[in-house]
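A.B. asks: Below is the structure I would like to discuss, written out as structure tokens.
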Amino acid sequence: NNDVTIFGYPLSIFFIVVNEFCERFSYYGMRAVLVLYFKYFLRWDEDFATTIYHTFVALCYLTPILGAIVADSWLGKFKTIVYLAIQDITDANKDGTPDNMTLHVALSMLGLFLIALGTGGIKPCVAAFGGDQFEDHQEKQRSTFFSIFYLSINAGSLISTLITPILRAQTCGIHIQQECYPLAFGVPAALMVVALIVFIVGSPMYNRNPPQGNIIVKVCKCIGFAVKNRFRHRSSQYPKREHWMDWAEEKYNKLLIAQVKMALKVLFLYIPLPMFWALFDQQGSRWTFQATTMNGNFGAITIQPDQMQTVNPILILILVPVMDTLIYPLISKCFNFTPLRRITVGMFLAALAFVAAALLQIQIDETLPDFPSSTESQVKFINMVNRDLQIEADNETISLKGFGANEDYLTFHNQFTLVLESGQQNTVNLANGTRNTIAIIQGSKLGFEKFDDITSKPEKGENAIRVLNGFGSVLNVTVRDKVFNFTSNMSEYLSVSHGKAEFMIKDNRESCVYTQELGFGSSYTLIIPSTFTFGERNIKAVMDMKPNSVHMAWQIIQYFLMTTGEVVFSVTGLEFSYSQAPSNMKSVLQAGWLLTVAVGNIIVLIVAEAATLEDQWAEYILFASLLVLVCITFAIMAYFYTYTDPTKIEAQFDKMEPEEKEKRKNFDMPRKGSAESHKEDRGSSDSSSDDECTKQTKI
């Protein structure tokens, strides 16, 4: 049914490529906003959100092994993405969050587990299925198909990582207008429907090769038999063999054993590789959180923190051809840049990326406010009187302009003595670990009011704004359709995004607009003085927290280093594994390669939980140091590795020696008078040779 071709390609592969684009759009789009969903909707802290994120990614790369056997999880993936988008439906009390958060979290975690299972079923199957669509004479087209297939993956990743954060940043909701996670998860879910429909439409055109037995299972059985057989013959009376896998010769043919040896030789080199992925996959967790404390204003456009992940696929599309056509040929003129040397360089570049992230984090930390420790508190003073004042706080004199404030917070412990202009002493009690604003007000004599301030940077780069009403009458203040709620003279905080913010102030008769330009991550107290008039709009803005001053563009340095490392490491690693793998064990090494990604994410969980470092930059340095140590270890292992040509080795075993079957039949024949030999003979007969072990399946 695959006779129809377009430009020499079977028509069926176009359905497969479109299917892969939609599936990767769905996966990467959902993953791009996942860590922010954990923190800002489920209200988990950064460490726990990071833990669950990397647990999910680890599952996605563990399940391809299971997915090689159970591959069809499309519908489960679609349904469970929808589970993440139903908070409005379960919000009966109309407060913007699900009524039963425990149930909602349980559904979300079940959804993520099934998504991991689904993507694992898809991952090891689609590329190989696409290759099956070509005939033997279409080798050139098959080779080009894999390039197109890889391009569809990166295109899906790039577009979804760009679009999904934009969808997430929109406001929506049946009851409460808030960030639109239903839309951010719903669009990838819709793309999964498209993927499923496209895949089914192309069904009549597919070449479907019948199952030929799972080579991973066969390899495991062969290894298991060799170990078991060696253990049974551990006595010194049995002669040693050149390699421990040679103990499988009694049941398995020499060609399969030779192929397993070659595969194990490569898999041994995989042992240090998970550390690279431990750093690489933090682009979606720690680096995204880092971006929330930065300035995302790029002039005509504003970059969302989760959109910075698009730098990776963009750089991949640029760097892959540049490395292949320019960098590698130039380096090869100086020395032999072997695949294992490339992999080593890739790991080192990833370590440098985390050093760059640490240096950037240090710069960010220097711009962050000095928040109070658990044993101290901070106070800022605002003068709500229409004249200059001098007050004392624990014998420290503070000068305040009319309707002005002191620039920095002052630090105290538990309490301090406040002396106003009248000379009256007032004891002010403070809670440790808090920030406070004290407003000096005019009555029959000077007095004060104490208000609680925020003690952390506003979330998602937004700005925390509140209003202090000294006008003496009730005022209604709104900004971008949000209403300030006054519980006293001071309103509660409102989160306002960056850009020009117009504050509408009105009473029963008049109104006016006050405009304030907002950056990222600042905090302001807007003072409406007692002298306020609607015509003059003489409102003053007191900056309680400076906006983010480190620009998000600085992250491009670490993304460039990491992506360059990925191109050198990942692409070369896959090429090396393919060239060194036996013809029928490509899938074994592919499963092993994906397993290194899963283990890498597990390492993040272990290190992040065990290290408990207070400073984020220190954690970055820790990961970079660990990768450098692993990089040195891998370089030593690579030095002693001998490259092989699997084709030549397999050619030596094209014809099985006639006596080999006879040898396996006579395996471990009983020795006269030996009870032990009779026992071993019964064990041998239980594991008689079967045809499946002698067939050579090419995958």
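In case you wondered, yes, glycine gets a Cβ from its N, Cα and C as well.
Straight from TrEMBL, here's the annotation block:
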COMPBIAS  654-684  compositional bias 'Basic and acidic residues'
REGION    654-699  region 'Disordered'
TRANSMEM  6-27  transmembrane segment
TRANSMEM  48-71  transmembrane segment
TRANSMEM  101-122  transmembrane segment
TRANSMEM  143-163  transmembrane segment
TRANSMEM  183-202  transmembrane segment
TRANSMEM  262-280  transmembrane segment
TRANSMEM  314-331  transmembrane segment
TRANSMEM  343-364  transmembrane segment
TRANSMEM  556-576  transmembrane segment
TRANSMEM  588-608  transmembrane segment
TRANSMEM  620-641  transmembrane segment
A.B. asks: Can the transmembrane segment (620-641) be said to touch the transmembrane segment (262-280) if we require at least 3 CB pairs below 8 Å and skip pairs under 6 apart in sequence?
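C.D. replies: Between the transmembrane segment (620-641) and the transmembrane segment (262-280), contact is present.
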A.B. asks: Taking the transmembrane segment (588-608) as the reference, which of 262-280, 314-331, 343-364, 556-576 gives the largest number of Cβ pairs under 8 angstroms?
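C.D. replies: Between the candidates 262-280, 314-331, 343-364, 556-576, the best contact partner of the transmembrane segment (588-608) is 262-280.
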A.B. asks: Going through 262-280, 343-364, 556-576 one by one, which has the most CB pairs that fall under 8 Å from the transmembrane segment (314-331)?
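C.D. replies: Out of the listed stretches, 556-576 contacts the transmembrane segment (314-331) most.
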